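Heads up: the structure comes next, in structure tokens.
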Amino acid sequence: MADTPLIELIDIEKHFGSVIALAGVSLSVLPGECHCLLGDNGAGKSTFIKTMSGVHKPTRGTIRVDGKEVVFESPRDAMEMGIATVYQDLAMIPLMSVTRNFWMGREPKKRIGPFSFFDFKTANAVTMEEMRRMGIHLREPDQAVGTLSGGERQTVAIARAVYFGARVLILDEPTSALGVRQTSNVLATIDRVRKTGVGIVFITHNVRHAMAVGDRFTVLNRGKTLGTAKRGEISTEELQDMMAGGAELAELQSSLGGTV
Amino acid sequence: MSQGIEANNMAAQPGEDERVKRVSKLRKAMVRPELGAICGAIAVFIYFAFAAGDTGMFSAEGVMNWGVVSAQFAIIAVGACLLMIAGEFDLSVGSMIGFSGIVIALLSVHYGWPMWASILMAFAVALAIGALNGYIVITTRLPSFIVTLASLYILRGLTIYFSIATTRQTIIGGVREAAEGDWLAPLFGGKILKGLFTWLGEAGVIQTYAGGVRAGQPVVDGIPMLMVWALAFIIFGHILLTKTQFGNWIFASGGDAQAARNVGVPVNRVKILMFMLTAFCATVFATCQVMEFGSAAADRGLLKEFEAIIAVVIGGALLTGGYGSVIGAALGALIFGVVQQGLFFAGVESSLFRVFLGIILLLAVVLNTYIRRLITGER
């Protein structure tokens, strides 16, 4: 793996009035790695990814892209540097076709005389190809996104971000609303994208999903990082304990007789 | 526990998804937003072919009769359709028709403006009002239903007020005389292909008047510009919606405005432009009507906003936006025109028109909801 992180966030703090949402969080993403950001609800995951994608400006701390210090004034700034976020609600419009969704806002055009038209031929061909590369076999590019499963919609959103130049892909709980099969599809997609050299930040509170694809793991608890561990250095149980802050969950686990 | 199942599913993974059924070309061609309107139109034509086939409803004159009425509906339906797909309503269409008509008649007849200047002024005012409707909807974030309901009353009230305050009456005549020799007026009140129809009359294809001052002239002496406008709007609207980048933005703005904004679609601009388009359509309607009747009346266009919306909904559009078809809306307008005039030909009590309309609206919406589920996977 390359040495310079695509993006590096150092000691990020974010205060909302008197509430300290983030109290010193650090994380870096290398090309081609899947960095899992774990944390329970309220740990500060959302605030942190919004800082990373330029929605919030950090109160304190440094952000570096390709080793150079940057300040994101808006999400657009972050997007221009290749940092794309796929939010939980996806920004897909179910009534519209896959192609129309894929190209929304960046429609390819062809000119006929003085008029310019949506170039559906190119758009459909690219969409089909990108979907195929992600392992989704569309019946036809003009089928509505609403006919796709939740996992497939995630994949369309990911493929769209990658196609339009994402180098760092922030996935906000992509598996939290999915069934087993669909989760495995999304994890497979993450693996595919990672192999193309894109860095991925995979936000989840499901340790098993994280262990399935993660290269590194950072656990967030009450606005602080509890450290970053590499794959193989840490067990599922340890991650689970760190996330929940320990003791109680361990007790619950033993009474349930397995991993929560 | 779930490990075993997962492995099973993974095994079924390679190649194509076995649960995606192959879909036949025919089914794909059938299942489209306009299907309900197509069925409705066919049903209506079959019904009247039996009920009024021998009454001259399908003679050249009869076709022109319901064709003009359908074209009127189509003009306002196209605007309402694109606006509805962009996620908004305009309830002020009817009032706008009355308002624009009075503006033209007042300026040309009462104030002595040239007709072309009066018409252009009416369009300018209408576009400004449309833009204002859109601007208020965008900035206040109120439902357009409420905002344009206010415009419905304000415009209608102003129309009557201006008309009475200047001429002491609500009908202003003398427009035809004022339009004489004007270069712009024929674009709305004229007819095209007159030569062709004269020839058709001479060739005996269509009937000619047997006597009177127009003896020898064909009963239909040309295609009214109203129909040309309707056709132009339908073609323009359909291409804009389905073949251009802007069309994609219309769908996106109505489908999920926030998602569209996130990827850089100028949602506000799209919506305001669509409000302006409905105002433009209403003014074309008004201008054609004023030229045809030779007068403007303050109560013109009453209930037209609902008729436009009904035509659009029969055409398969979704009331909440993001889905619909201009061709469907045009077919909805055709159904409207044929039924309204056809009941007259068939000698059916004309008050039943509304009953029929209500029923067809209900049937169309039920069918369209079903089709839409098939297409979009809504559950």
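Placement of Cβ uses the backbone N, Cα and C atoms for every residue, glycine included.
TrEMBL lists B:35-52 (among others) with the feature transmembrane segment.
Marked as transmembrane segment by TrEMBL: B:64-86 (among others).
Taken from TrEMBL, the feature transmembrane segment applies to B:93-113 (among others).
Here TrEMBL flags B:119-138 (among others) as transmembrane segment.
The transmembrane segment feature in TrEMBL is assigned to B:145-164 (among others).
Residues 64, 67-68, 70-72, 74-75, 78-79, 81-82, 85, 186-194, 197, 247, 250-251, 281, 284, 288, 292, 325-327, 329-330, 333 of the same chain, all 6+ positions outside the transmembrane segment (B:222-241), place their C-beta atoms under 8 angstroms from a C-beta of that stretch. Taken from TrEMBL, the feature transmembrane segment covers B:222-241 (among others).
Summarising the annotation, TrEMBL assigns transmembrane segment to B:272-294 (among others).
The feature transmembrane segment is assigned by TrEMBL to B:306-339 (among others).
Here TrEMBL flags B:351-371 (among others) as transmembrane segment.
Between the transmembrane segment (B:145-164) and the transmembrane segment (B:272-294), the number of CB pairs under 8 angstroms, six or more residues apart, is fewer than three, so the stretches are not in contact. The highest tally of CB pairs under 8 A with the transmembrane segment (B:64-86), across B:35-52, B:93-113, B:119-138, B:306-339, B:351-371, is held by B:306-339. Between the transmembrane segment (B:306-339) and the transmembrane segment (B:35-52) there are at least 3 Cβ pairs closer than 8 Å, counting only pairs 6 or more residues apart in sequence, which means the two stretches are in contact.
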